[in-house]
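Now, the feature entries from Swiss-Prot:
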type: BINDING; residues: Lys113, Ser114, Thr115, Tyr116, Ala117, Arg118, Gln158, Tyr172, Lys181, Gln182; note: dCTP binding site
type: ACT_SITE; residues: Glu139; note: active site, proton donor/acceptor
Amino acid sequence: MGIKEDNWIRKMAIEEGMIEPFADNQVKVHPETGEKLISYGLSSYGYDLRISREFKVFTNIYNSLVDPKCFTEDALISIVDDVCIIPPNSFALARSVEYFRIPRNVLTVCIGKSTYARCGLIVNVTPFEPEWEGYVTIEISNTTPLPAKIYANEGIAQVLFFEGDSACDVSYADRQGKYQKQQGITVPFV
């Protein structure tokens, strides 16, 4: 199982629709305003995905316990904006701008960008399994004692693509995975 390079990622995105929309290079400056951005787009051995304007920020107003088997929407406040402020020692859920379609013989690993990590913000995304498709639900934890700002439509994490020696026997689509073809921010459910 080897990591895939920029040429392969570009070909799969353009010819197979693996990433939509697809930025064919590292975008570091806003094309219209000239403002510096947290980079996104194609890199040497990965793809830096962007975070959309949709956020769900955790609140403890209605809950005294976080239970992944019984997680309710009232534990989150929905926000649509160009930035999201995450309270100290809290977290937010968001989704990617890009829609992914993962081939049957590929597994991805997603790693948070160092720009945010160096500010005490941890990005967590589980692997995209073979034949999973959808918008990515992203979890961002603010480990600091201060509020933290996240910028929409800018880079948040890098996706690394690993191609297996052969296709798997049972893919995420075959077993009808519960997060298949998710369209928005999807909260946990069992």
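From the backbone N, Cα and C atoms, a Cβ is placed for every residue, glycine too.
Cα to Cα, Thr115 (dCTP binding site) and the residue listed as 'active site, proton donor/acceptor' are separated by 16 Å. Cβ-based crowding with a 10 Å cutoff singles out Gln158 as the top-ranked of the binding-site residues Thr115, Gln158. Distance from the CA of the residue listed as 'active site, proton donor/acceptor' to the CA of Lys181 (dCTP binding site) is 18 Å. Among the record's dCTP binders, Lys113, Ser114, Thr115, Tyr116, Ala117, Arg118, Gln158, Tyr172, Lys181, Gln182, no two C-alpha atoms are more than 33 Å apart, and one pair sits at exactly that spread.
Geometry remark: Lys113 (dCTP binding site) versus Glu139 (active site, proton donor/acceptor), CA distance 13 Å.
Glu139 (active site, proton donor/acceptor) and Gln158 (dCTP binding site) are 14 Å apart (CA-CA, integer value).
DSSP gives the residue listed as 'active site, proton donor/acceptor' a strand state.
Ranking the binding-site residues Lys113, Lys181 by other CB atoms within 10 A of the CB puts Lys181 at the bottom. Residues near Ala117 (dCTP binding site) in space but far in sequence (CB under 8 A, at least 6 apart, same chain), listed by position: Val123.
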